[in-house]
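Q: A single structure is presented below for examination.
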Amino acid sequence: MTNVTIDPLTRIQGHFRLSTEVNENGVITDAQSSGMLFRGLERILVNRDPRDAARITQRVCGVCPTAHAITSANALEDLFGIADQIPKDALVTRNIMQSLNMIDSHATHTYALWLPDLVNPAYRDVFATADNMGTMLWRELLHRFAPLSYKIDGISIPPGQAYVNAIKEKRRLHGSIALIAGKMPHQMSTIFGGVTYKPTVADIGKLTYYHQQLMDFVDKYTLGIDHSTWLDNTYRASSPQRAVEFVTGHLQELTESSMSSNDFSYSAGWGDIDMLLAFGSETIGEDILGLPVSFKFDRTGTYSDPANIGFLSYGAYYDVENGDGYDPLKFGQNSFHKAAFITGSLEHKKFDHMKITEEVSHSFYTGEGDDHPFDGDTEPVRNADEIDYHGGSQSKYTWIKAPRYEGVPCEVGPIARMIAMQEPLTTGLMNTFSDNGHPAVNTYIRMVARVQEMLILLERLIQWVTSDLDPDGRFSVPIDMSMAKDSQGVGLWEGARGALGHWIKTGTDSKVSKYQMVVPTTWNASPRDSNGIPGPIEQALIGTKVSAAENMLGIDNSNPTGILHTSRAYDPCIACAVHTIDLRQKDGKGERVFDIV
Amino acid sequence: MGELENTDFLSMDRRTFLKVVGAMGASAFLGLHRSEISKALELSKTRVIWIHGAECTGCSESVLNGRDPDIFQAIQKLSVDIAYHEMLIQQQGIFVDGELASTSELNSEIMLDEAIEEGGYILVVEGAIANGPDGTGKYCMYGERTFKELFTKAASNATFVLAIGMCATYGGINSANSEIVDLMDFRGVAFLRRDPSKGMLTELGIDRPVINIAGCPSNPDWVLLTLAAVILGKIDINDPDPILDEFKRPLVFFPENVTLHWNCPRRGYYDIGQFDTEFSGDACLWKLGCKGPYTHSDCALRKWNGSVNMCTQAGSPCISCCEPGFFDNSTPFYKNVQTVAPSNSETDSSFPSNENNEDTITPAAIGLGATAGATVIGSAAYAARRIVQKDDNKKEMDQ
C-alpha cells in the first residue's frame, strides 16, 4: 500500500488536500479530502446589521459572488417578510446576473481549470500507442488546452488557443454582469428588496450583443456546429435515446472524416465538446465509435454503493411567469432548475430543506459526538497540535463539515441539476453506461453535464434579457426594519457548483444572532460522518485507478491522474466550504423551525 | 510621444495620468516601452510568484478581467514569467509516502521551491496570512507547511512584494471584528487594518519593499499598471514610498486629497440636494449610506470591467472597500455615515463617528480643493438643507 497525497490540488479555488492509499494494482482503496483553511466568516456576521449580509457573504467566494448575494437576499427577504412582493423585473434581473455568473464559472472551470488535465504528459504516452493518429491528436490537444507557463521535457508550451480565447470570453461575461451589477467580482446591485439598478433599453441592447459574441465563441470552439441545432437534438430531443443517437451520429461523421487525414482541428469540425465526448469515454469512444484509444474518464470517479450517495438540487432561478414575488420555501418547484433529492439508485424524491443536517465528527471543531451530532456548540480547535492532516480516516482531518440529507452524503452541482431536470443528453449517456454494465455517474458525465448546462443556460438567458425584462418595471420594494426583531429567514439557491443555502436569525436588537451557510463544496468535499461514511469526492476516489487511462501503461504513483481528474471534476471551491457554525435543527414536523448553534 | 517614453507615470499627477492613458489606451502606453526593453535587453524575463493565503480568489478573477493590457498582453509585452500561480499552472503538489514526487514539470511544490530559491522575483500576495492559533499559522496550510512558513520563505527571497486586495493588504474580511478575530489572528503583508506594527513582515522581522493595491477586489488596472511600472523601472522599488500614501497605496489610484465622491456619476444630484431614500432610484445615494465621500479611489473615473459601470452608477452605495479597516469602517453599509458609530474606533480614525456631528462632511472630508468653488457652493447649499432634514434622518435611523 502506498500513500499518494495531492497537496495542494491546484486549478481550483482554495487550499485542498487529497490523501489516498493506493494498492499494488494501482487502485485507490482509501481517501480523505481536506479543506486546509479556517476563516470564520459566519462569526463575522454576528452582531451586525442583517442588511449587510448580502455584501459580506459575497466575500466568501470571488468566483461565485452572485450566487451568495442572491441567496443572502433570499434569506433577508424571508426575514423581512417581503419575498412575495419582490418586483418581477428585479427577479428577472437577478436571473440574468445569476445565469451569466453560472455560465462564466462553468466556462472557467471547463477551459482554464479542467481541460488542461488533458495535456498531462501521461497522455502523450497513452496516445502514442495509437500511432500517427494518437500523435496528431496529442498535438491538437496541446494546441487547444495547454495552460500558462507549461513545460514538457524543458520545452515551453505556449498557452492553448481554447484556453486563451476562453479567458477573453470570461472577461466579456464579467463585463456583462457588471453592466447591470456595478462591478464583478463582488457585484453590488443585488440587495434585500430587489436590485439597486434599473437596466435600460441600451443595456438590453448591449447584453444582446455580448450574447451574440459569446454564441460565436460557442459555435466556433465549443460545439463546432450551430448551438440551436445542438440543443434541438439534445436538450429538446424527444427521448434520452434520441439525444445520444444524435451525438454519436455526429461524432461518427467526424471520426470517419478524420481517421484517414488525422485532422482533429476546429476546421475539420471538432468542437471542444466533441473532443471530450469522443475521446473522454471508453464506452462512447472505443466501444461505440471504434476509436483506438480514449481517456476512459467514464471509468473513474464512480460511486460503489448507491445507498451511501444521493444527488441534491435546491432549485434555482425565479419563476417570473407569474409576476411579482416568490415563495422562499417552495423554491425551485416551478423554476428552471428543479428542487429534488435523487437517491443513489436515481429515484427522484421531493426536496425538504428540513432534512439537511451537518456534523463535525471528522472536522477540526469541538462538539458533541456521534449520538446527537447537532446538539452542542461548535468551536474551532484552538490547540495547534490538534490540527493534523496525517491521522487517517478515523481522525479529524478537515475544516469542512459533513452535511447530510436524511443522513446521506450528496453530490451537488451540474450533474445533480441535470438529473433533476431529466435533461435528455445527460440521462441518455447515463443510461448508455448502465446498459453496458458500468456506473452511470462518473468523471466524464460530470464534465459533459457542466458543458451541457452552460449551453442550455446561454439559450435561456437571452429569453430573460429580451422577453422578460421590462426597463419600465419596478426594481425594488422598501423594507420595514422593525421586521428584523427576533426574526429568521432561509435562502435557498443554486450556485454554479451546486446547492447553496443561507440561514439567518436576528435578536431583539434586530442584529444578526446566527448566520449559517451550507455551500456546494461542503457537500461535495465533505469528510466522513460519525457512521464512517465518506463524502462524495472521497467515495468517488475510492475504487478509481491511480494512473492515466485505467493504468493503461502501468502504475505511476508520481503522476496520479486518477486523483487529479476525479477531484477537479467537482470544481471544488474551498473558500466557500470552510466555515464555523453548526446548524442545529429542531424537529419541526414540517414546520419552519430551525436553530443555528 | 517621445516625451512619454521617459515619463514616470506613477509620479504623474492624476489628471495628467488619466489624460495620457485615456488618450492612448494603456496598452499602447505600455507598448511604447517595449522597444525600450528590447534595446536594453538587460531585463530578461521578470519572474512573478503569486501566492494565495486566506482569500476568495476574487482578485485573481479580477486581474483576468484586465484589458489594455490583459494578462496575456502583460505577459508578452512586459516579458513576464508567471513562475507560480495556483489557479493557472498545470502542476500540483504530489507526495508519495510523504516524499515529494516527480519534478517541477508536474509537482507544483518543487516548482515553487525552485522558483523561490532562484530569488530575484516579484512576489504577489493575494489573501491574508493566518497567524493563529498561538502564532503557529496552522489555520491555513498549504502543501505540508503553513501558509505563514511559505510566505516567510517567499518574502525573504523576493526583491519586492505586491500585496493585492484587502485580505493581503490590511487583513480584509478575515480581520473583521468577531468573537474569534484574535484567535484566528489573520495579518496583512505590511499592515493589520491601519496598523503597520502588526503587519506580517514586521512580525517576522523581514524588511522588503511593499506596494499595497487595495480594493475588494482590486481593480485589474491598479494591479497590472503597477506591475508594469515596476517592471519598466518606473518605480524605484528600493524606495517606492514617494509615490505611495501612508498605507502604501499608489497615490495615482488612491489619491489623498480626492475621493470617489468628487467624480461620482450621481454627483450632480448631491449638488442640488436630491437624495434617494429607496433603492433603484437615480439620485445621490448618500442618505442610503454611501461612503463615497470617505473613499480615496479613482473608481468613479476608471470604473470597472472595461469601464462599463461602477458601484454608485449601478445604484449601490459605495462600501469603501479600498480603505484600510474595511469592513468595520464602513458597516453598517446602509446607514447614513454621519450617524454611524464605528464598531472599532481604533481602526477607523478617518471615518466620522457619532462624536463628529453632521458638519464633518465638509469640503475637506469630501476632498475638495480650493479650486472647486462651484461644488463648495453646492455643498454649502446642501449643508443648509441638512439642518432642515436632520429630524427626518433621525426618524429613519430610529426605525
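Note: Cβ is positioned from N, Cα and C throughout, glycine not excepted.
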Q: For the [4Fe-4S] cluster 1 site that TrEMBL describes with B:CYS56, B:CYS59, B:CYS216, which of these is also annotated: B:CYS167, B:CYS264?
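A: For the [4Fe-4S] cluster 1 site that includes B:CYS56, B:CYS59, B:CYS216, TrEMBL also lists B:CYS167.
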Q: Check each of B:CYS59, B:CYS216, B:CYS264 (the binding-site residues) against chain A and write down, in sequence order, those whose C-beta lies under 8 A from a C-beta there; write 'none' if there are none.
A: B:CYS59, B:CYS216
Q: Tell me which of the binding-site residues B:CYS59, B:CYS216, B:HIS261, B:CYS290 ends up closest to B:CYS299 ([3Fe-4S] cluster binding site) in space, Cα to Cα.
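A: Nearest by Cα distance to B:CYS299 ([3Fe-4S] cluster binding site): B:HIS261.
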Q: Counting Cβ atoms within 10 Å of each candidate's own Cβ, which of the binding-site residues B:CYS290, B:CYS299 comes out highest?
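A: Counting every other Cβ within 10 Å of each candidate, the maximum falls on B:CYS290.
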Q: Of B:CYS56, B:CYS59, B:CYS216, B:CYS318, B:CYS321, which of the binding-site residues has the most Cβ neighbours inside 10 Å?
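A: Going through B:CYS56, B:CYS59, B:CYS216, B:CYS318, B:CYS321 one by one, the largest Cβ count within 10 Å is at B:CYS56.
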Q: Validating a neighbour-count step here. Other CB atoms within 10 A of the CB of B:CYS167 ([4Fe-4S] cluster 1 binding site): how many?
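A: Excluding its own Cβ, the number within 10 Å is 32.
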Q: Nearest of the binding-site residues to B:CYS284 ([4Fe-4S] cluster 2 binding site) by CA-CA distance, picking from B:CYS56, B:CYS167, B:CYS216, B:CYS318, B:CYS321?
A: B:CYS318
Q: Would you list, in sequence order, the binding-site residues among B:CYS56, B:CYS59, B:CYS167, B:CYS216, B:CYS318, B:CYS321 whose CA lies within 10 Å of the CA of B:CYS290 ([4Fe-4S] cluster 2 binding site)?
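A: Taking B:CYS56, B:CYS59, B:CYS167, B:CYS216, B:CYS318, B:CYS321 one by one, the ones whose Cα falls within 10 Å of B:CYS290 ([4Fe-4S] cluster 2 binding site) are B:CYS318.
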Q: Please work out the number of neighbouring Cβ atoms within 10 Å of the Cβ of B:CYS284 ([4Fe-4S] cluster 2 binding site), leaving out its own Cβ.
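A: So the Cβ neighbour count for B:CYS284 ([4Fe-4S] cluster 2 binding site) comes to 25.
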